[in-house]
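Written below as structure tokens is the structure these notes are about.
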């Protein structure tokens, strides 16, 4: 499904957003460790994004987000990006694609790209997912949309 004007506007707003103005030290109790590296639907085929999060100290963490009920990539990214920014951290969507999660076969397959955010480095997404799902076979390809 291609994008709509509303989705493109939402994606642009997410790209242009900046960290909320949070008082110095206000987010000390919140760290990147509070965010699971992977949060995806338990099974199925759906859109996903790769987010780069950074705390005020400059530490970074890659996060993979994808949900069966997210019609567009921006809606998979927005809850996490907004939460990070509300906590005084920065977040940038590096790109996305589609993901097939087959838990019974213990496989994840990544492919394609996001019309709004582009194609991320799939090897990074693969690495994040492989670390989170050590018993899975995680594969990827750049083809498709």
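Just so it is clear, glycine is given a Cβ too, placed from its N, Cα and C backbone atoms.
Curation plays no part in TrEMBL annotations; they are all automatic predictions.
When TrEMBL is compared with the stretches 1-36, 37-72, the one noted as region 'Disordered' is 1-36. With respect to their backbone Cα atoms, residue 47 (substrate binding site) and residue 73 (active site, proton acceptor) stand 6 Å from each other. Cβ contacts within 10 Å of residue 47 (substrate binding site), excluding its own Cβ and spanning all protein chains shown: 23.
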